[in-house]
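Per TrEMBL, the features are:
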type: ACT_SITE; residues: Asp489; note: active site
type: BINDING; residues: Arg449, Thr461, Asp489, Glu538, His541, Glu560; note: N-acyl-D-mannosamine binding site
type: BINDING; residues: His541, Cys551, Cys553, Cys558; note: Zn(2+) binding site
type: DOMAIN; residues: 26-346; note: domain 'UDP-N-acetylglucosamine 2-epimerase'
Amino acid sequence: GERLLLPSSSDNRHHTRSRCARCEVSNTFRMIEQDDFDIGSKLHTIVRGEDEAAMVESVGLALVKLPDVIQRLKPDILVVHGDRFDALALATAAALMNIRILHLEGGEVSGTIDDSIRHAISKLAHYHACCTRMAEQHLIAMCEDHSRILLAGCPSYDKLLLPHHREDYMDIIKSWLGDKVQEGDYIVALQHPVTTDIQHSIKIYGLMLDALISFNKKTLILFPNIDAGSKEMVRVMRRKGIEQHPNFRAVKHIPFEQFIQLVSHAGCMIGNSSCGVREAGAFGTPVINLGTRQTGRETGENVLHVRDADTHNKIYHALELQFGKRYPCSKIYGDGNAVPRILKFLRSIDLDEPLQKTFCFPPVKDPISQDIDHILETQSALAVDLGGTNLRVAIVCMRGTIVKKYSQPNPKTFEARMELILKMCNDAMRDAVGLNCRILGVGVSTGGRVNPQDGVVLHSTKLIQEWSSVDLRTPISDALHLPVWVDNDGNCAALAERKFGHGKGVENFVTVITGTGIGGGIIHHNELVHGSTFCAAELGHIMVSLEGPECMCGSRGCIEAYASGMALQREAKKLHDEDLLKVEGMDMKLSEPITAAHLINAAKMGNSKADAVLTKAATALGVGIINILHIVNPSQVILSGVLASCYQAPVQHVISQRALFSVQNIKVVTSDLEEPALLGAASMVLDYATRRIY
């Protein structure tokens, strides 16, 4: 019940080619009628004028006419043959109209524009029936699905390999070449233009005609096909008087059955037709292949190549070597059973399977960049980190390598801070050119609550003054003419882990920053969680006690009030003031300010008071993280910042003791990233500026 559309081509495989639309209709088309096909539609698509423009116009004319025909016939499968420009029009129309395509004789190589057309049709086709093992390998190398490729052999060989001696073969020969000609004592000549080198084609054609005139044997010469350059070749033939020469019979068309007999009993075939390297091998007919048109074709021992056919004498010598010989039958292109194989293959096609074809690409190394500009430049981002103490800018490449970093004290006023940001970014932009880095955009990491959609800092921490209701995106983008992304430093740390750290490939995880303050970010289903008012993941302000120490946010009992660097520094100063911090062997200068590092060192050296403070801080942090596990249920917790290594083991212990059983085994790991804020800011640029699918 399947409907097939089998188009007629102006280049019929048996080289009985016509030279215009009129001839096509009267010759090739009539052969199809004689084979009792039901003709669904007749189209005239060949534009007169055998040049490149006429070929293009013919394709365009076919594309204009074909949609109506295809819509009316509604074929299930379109069978397209070969490598002609009109076949390309058919395949293009069918592919765009979602019609399945079976391409016959794809994967071959011939060394002309036909190669490009043939391979283009193969890429449009859903199924393939090829002739040779090498053609099959070529299709596989072109990433075609091996399960949709049939090694069938050449369909014409099914007829060629039948007993080709007809009782009336001499009548056929004499009807075309005269009563005096004998079997094996004539030549069949068929030379076509090479559209990529027309002038050279014309030159070789003239030399071939000169050699044939000199060789003085009866010659049946067919007109060239309708490709660009054929008109000039016909002019060469007529200038040499071939049509009036007694040794020549020039014809435009020969019925296929008769053409088989003429080739099989010829003393030699000469030219650049694929018939010489393909069909003639089935008879063992000696062949002289001229020029480059069939370069790459598989050939039998019956073919003598004269690729550099630049002299009359060279071609004449080839005629002397080949004429009158006989070679064993070659079956490179088939064994005579192609048609049954193709019919079986057609019946096996499941019309319910998805129409969209897939390609089988070989494994390749992951590219560093998704853009061709990587050949010349390394795709990079400008990363800006606005901390309470320093303002830092870095050039970060796609792999997360910090190519160059800049650091300055963070100014106390808004105007001075913005001026310094723009100056440092401009300096980095200039340096990027010399470093062969292509800057794709700017990412900004800052403390406080941020609206990343608008690039605005809504409220800042007390560490950064004059930094509320600040539009960062507009002035930076206007000055640098680059896209700008802005987010909270905790969120940036999570983004850094997602792209470059322990979170790579993890769908759900939480990053907790343990530094001067406590912050973090939540990745849920591979996306950053911002919340309805951009206040999600304020992890430092999870309350773990109703009556705990006062926090900088104004509340009490927050994780940050227990476990941040400022909280540890506060407790260290208390112990120092009571002369309970220093232990024997601990190196402390009188003028040195007391920090959290002194508390940690004291605890390591056996100070029980310092150790109790750290244990309480780790417990508070652990309880806060347990609350996160119970609410968000991530598969991993990543501790980042200067205190991460100090807290990792005790926090894991608190989780194992106090969390619900279902989350007790969730791992707490320490970040390996040295610059999470800068890398996270860069990742916003590198992820979005190079994204190809939205």
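Cβ from N, Cα, C; glycine included.
Annotations in TrEMBL come from automatic prediction, not curation.
For Cys558 (Zn(2+) binding site) paired with Thr461 (N-acyl-D-mannosamine binding site), the C-alpha to C-alpha distance reads 15 Å. Same-chain residues that are not part of His541, Cys551, Cys553, Cys558 yet have a Cβ within 8 Å of the Cβ center of the Zn(2+) site turn out to be Gly540, Met543, Met552, Gly554, Ser555, Ile559, Glu560, Ala561. Taking the domain 'UDP-N-acetylglucosamine 2-epimerase' (26-346) as a whole, pLDDT averages 88 in the prediction.
Rounded to the nearest whole angstrom, the C-alpha distance between His541 (N-acyl-D-mannosamine binding site) and Cys553 (Zn(2+) binding site) is 8. Of the listed binding-site residues Cys551, Cys553, Cys558, the Cβ environment within 10 Å is emptiest of other Cβ atoms at Cys553. Cα separation, Glu560 (N-acyl-D-mannosamine binding site) to Asp489 (active site), rounded: 15 Å. Listed in sequence order, the residues Gly447, Gly448, Asn488, Gly490, Gly517, Ile518, Gly519, Gly540, Cys553 complete the 8 Å Cβ shell around the N-acyl-D-mannosamine site centroid, once Arg449, Thr461, Asp489, Glu538, His541, Glu560 themselves are left out. Among the recorded positions listed here, namely Asp489, Cys551, Cys553, Cys553 has its C-alpha nearest to that of Thr461 (N-acyl-D-mannosamine binding site). Counting Cβ atoms from all protein chains shown, Glu538 (N-acyl-D-mannosamine binding site) has 18 others lying within 10 Å of its own Cβ. A straight line from the CA of the residue listed as 'active site' to the CA of Cys551 (Zn(2+) binding site) spans 19 Å.
Every protein chain considered, the tally of other Cβ atoms within 10 Å of the Cβ of Glu560 (N-acyl-D-mannosamine binding site) stands at 27. Proximity of Arg449 (N-acyl-D-mannosamine binding site) to non-local residues of its own chain (separation of 6 or more, Cβ distance below 8 Å) is seen for Val457, Leu458, His459, Asn488, Thr533, Phe534, Cys535, Glu538, given in sequence order.
Neighbour density for Asp489 (active site): within 10 A of its CB lie 26 other CB atoms from the protein chains shown.
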